[in-house]
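The block underneath contains the structure these notes are about, expressed in structure tokens.
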Amino acid sequence: MHSKDAVIAIYGPTASGKTALSLALCEQLDCEIISVDSALIYRGMDIGTAKPSAEEQNLVPHHLLDIRDPAETYSAADFQKDALALIDDIQQRGKVPLLVGGTMLYFKALLEGLSHLPESDTSVREKLTAELHEKGLAELHSRLQKVDPTSAKRIHPNDPQRILRALEVYEIAGKPLTELTRERHGQLTKPIYQFAVAPVERKVLHQRIEQRFDHMLAQPFKEEVATLFARPDLHPDLPSIRSVGYRQMWQHLAGELSYDEMRERGIIATRQLAKRQMTWLRGWPGVHWLETGDLNMQAKVMTAMQQPAKIFNSKD
């Protein structure tokens, strides 16, 4: 690898072969894997997330697995903070950070940074709400046009919640919401080699998704979800339970879907997720594409990383 302080990222839709490639690379490079997956963070959710096995985790150190209970939340800002700290720690120990996953919101937070918007202030919000009742929404929207015309143009005049929030941000920060949104913080500044793994033909990805879903159902996945279903503190609106596969099995256990309906909807939802992932990847700069199943994939990655990261990322 040419750039010694570089980070490697392997993107890809679900069931594309990211895990296999990452483990193969770890045999050649002294890597530690940082999971970039919003479902793998949860304890007790192993089968439906295709979590790396204990054997795989023993072969290569994995990070950001099993760090939250399913009742808890984990934001893109949480990931950004944790990933940056892990990257520094891994490199300080002389190893290579390898980011692997398909949660594109997390990747975006890490690579582009996040906007730091002020938290809601009760006193400011109460004052603005009182003005809303006294002067009306049109007056507040007119005020927003003066201090933040871009937000005023974007926000519908009949949307009180967003108008109040935009004015609240301006009063707290002294800057318009538009300006604060453009200001990004916490982005990765180290060189990065980015690879995306996906089949050339969509039907191949669909076949792999269906095979993975059926493999999941052949394991005690129903029992895994039943354990979650039995917990009184969990409900279907939590991010953990909304995860693809878990949502549909939860509905099956609740009597809302038959087994066949659960399977069909789970496969469709996984395909839709993969489509969103592919759409994001096609628009992301600096990504080098690899075809799922290419026997020379690992060698192509190693060859590509002989270039300086700056040159690597300048190519389409």
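Yeah, the Cβs are placed from backbone N, Cα and C, and that goes for glycine too.
The following features are taken from Swiss-Prot:
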- G12, P13, T14, A15, S16, G17, K18, T19: ATP binding site (BINDING)
- T14, A15, S16, G17, K18, T19: substrate binding site (BINDING)
- 37-40: region 'Interaction with substrate tRNA' (REGION)
- 161-165: region 'Interaction with substrate tRNA' (REGION)
- T103: site 'Interaction with substrate tRNA' (SITE)
- R125: site 'Interaction with substrate tRNA' (SITE)
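Separation of the C-alpha atoms of K18 (ATP binding site) and T103 (site 'Interaction with substrate tRNA'): 13 Å, rounded to the nearest whole number. Distance noted between the C-alpha atoms of T103 (site 'Interaction with substrate tRNA') and P13 (ATP binding site) is 9 Å.
R125 (site 'Interaction with substrate tRNA') is 42 Å away from G12 (ATP binding site) when you measure Cα to Cα. Of all the binding-site residues given, namely T14, S16, the one with the smallest number of surrounding CB atoms inside 10 A is T14.
The two recorded residues, G17 (ATP binding site) and R125 (site 'Interaction with substrate tRNA'), show a Cα separation of 48 Å. The average per-residue pLDDT of the prediction over the region 'Interaction with substrate tRNA' (37-40) is 98, rounded to a whole number.
Excluding G12, P13, T14, A15, S16, G17, K18, T19, which define the ATP site, the same chain contributes G102, V197, A198, R208, T292 within 8 Å (Cβ to the Cβ centroid), listed in sequence order.
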